[in-house]
Amino acid sequence: KVAIKGIERELICPACKELFTHPLILPCQHNVCHKCVKEILFAFEDSFADGGSESSNQSSPRIRISSSSMDRIDRISRSGRKRNSLTPRSTLFPCPGCQRDIDLGERGINGLFRNFTLETIVERYRQAARAAIAIMCDFCKPPPQESTKSCMDCSASYCNECFKIHHPWGTVKAQHEYVGPTTNFRPKVLMCPEHEMERVNMYCEICRRPVCHLCKLGGCHANHRVTTMSTAYKTLKEKLSKDIEYLISKESQVKAHITQLDLLLKETECNSERAKEEASQSFEKLYHVLEEKKSAALRAIETSKNIRLEKLQTQVEEYQGLLENNGLVGYAQEVLKETDPSCFVQTAKQLHVRIQKATESLKSFRPAAETTFEDFVVDTTKQEDILGDLSFHSNGLEIPEINEEQSKMYNKALISWDCPGKTDSADIYVLEYHKLNREEENVTWQKIEVCGKSKVVSDLDDDSSYAFRVRGYKGSICSPWSREVILRTPPAPVFSFVFDDKCGYNNEHLQLNPRRTSVESRAGFPLLLGSERLQVGCYTTLDYIIGDTGIAKGKHFWAFRVEAYSYLVKVGVVPSNKIQKLFHSTHDVTSPRYEQDSGHDSGSEDTFFDSSQPCTLVTLGMKKFFIPTTPAAPKDPASRILPLPSCLGICLDCDRGRVGFYDAGRMKCLYECEVDCSGIMYPAFALMGSAAVHLEEAVTAKYREYHDDI
């Protein structure tokens, strides 16, 4: 027999951390107290009403809901589920045992079974724990007597006398089932929670729960495989018995593992003490080095101070000698009293040289020594950085590398990195970044802890360069820093829009994706039909499309990608007062001007069209970027043709009346010109032949996960 006291851990509710009280079996097969389930559901309902506020998370002082469970409750409450809906809604329950969101179905808590077997075991444990505490009779007059038996049908405890009175011989009550004194009364027949008047008599092998015949006939278990309760009882009991026998037969192996684990515990203690001692010795060496450096620096400062003081003191004494009746001046005054010319000349010549030197030093006074000790300032900036990075380095932890192709700067920064060995050996990564500023001497790195291999960084300044680096951590061991990668933010805030499918949109030639973020030119069959009657040369039409949102003021930036196979694409901006002219001035091959006998002279019209463009556009195509022909442009045609960047950007400054075209990957301006911003400005695109343009998507917190799913 297994001792009751050895199974305490199995009798504790994972929510309240106390002994189970009326435990319910969840669909995930974990048990939770009935009261705990209600309190967690109340917290869930409050999070709907309060919008997931933190104040609603504390529903009861009794229950201890983990932060991860409350995060799941907040996530579920923000997922858009509607309350009081006419359609049936299921109840999601964050299980505190397996940390998963469990669907309780439409009936919610009412559809859960009570675990009477677990209740009985808990009651047996409680009785063993309070063996000295007697259960009193429920029917004795005060003072009550100690009970000797409990009736399972009456759910009450009796002493011998009261039991005879309430269960007289020859009556129906005499047939009641009675057991030893207990406070745990459970029904003799297990009823179906879905159909409260029906007893369970079958077992669903799919859902692994007891069901009644109505559940099988027309309920949610209609198409499930079921078996009789007796068969399920026999099968499960045999399996459980075999598993228990197997574990008991392996008792020696379990004891051997326990012995091995005890040795590992002791070995871990010893190794940790040894590691502490080695770490202390390493730091002691650093202390000694610092103490030696400190002593040497202080000695050097003291020596320099003494030398300077000696020089300054000597200079003081020399200048004191220049005072009247003192030192050199006093001696010279005494020499002047000499009346013998030969003796005077003999003494005065040397004295005159000294007096001249004193006079010159007086005219150009300069201290004999510096008072500042700027040469003795110790710069410890690099050493502080090195000590700040001091940690347990391991050769086995790979150095991560920032992937510049997958990283991007747009409305936010998306930084992605990989490990060379393609193994995720680190438990957590630390991403650091700082803004490049030439004026700042001391660099302050911003630090972010990341569980995955990418991170979205917000709140970066526009038109600025940032340095990024990353390192991996596994416990207390870390890898060296990765190579620093410098990325530049857009020159202005990102402007969000989609293609307009109403204004001038030609659905015969252009095709939009459902989200209106990509447009593709498909001249195809309609253009061939229109060209069937042509006998003279002509140029085909440009199909224009604009953004659905305009810009009235300020500085804005947007980016897009042009497919490499594109033949001709024009991009730029158009004012609102010229949109109609833009769409009506396009050349159509089916117009009368292309008929043989129409009488139109297309040459003059071509000249007018080229000289009166209603919008500011640059030309792209065949993997090239063409700088427009302007007086300021290079005269050499070859120098006006640049390779087409993988991602292009446009920066419109309405206040200055300037528009710039950028290599959005490097945030480098390729071409800039003036533009008339008198009206509302719209992004404009034109396609001809086979071509496609894709608007750059804004970076969000789930950007990496979304694209990984795709």
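Note that the numbers count up from 1, one per residue, in the order the chain is shown.
Including glycine, each Cβ sits where the backbone N, Cα and C put it.
Unlike curated records, TrEMBL annotations are generated automatically.
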Checklist entry - What range among 90-117, 258-285, 566-593 does TrEMBL record as coiled coil? => result 258-285
Checklist outcome for this item: Residue counts for the domain 'Fibronectin type-III' (396-492) under DSSP, helix then strand then coil, are 0 helix, 43 strand, 54 coil
Item to check | Composition by DSSP (helix, strand, coil) of residues within the domain 'B box-type' (187-229) | outcome: 7 helix, 11 strand, 25 coil
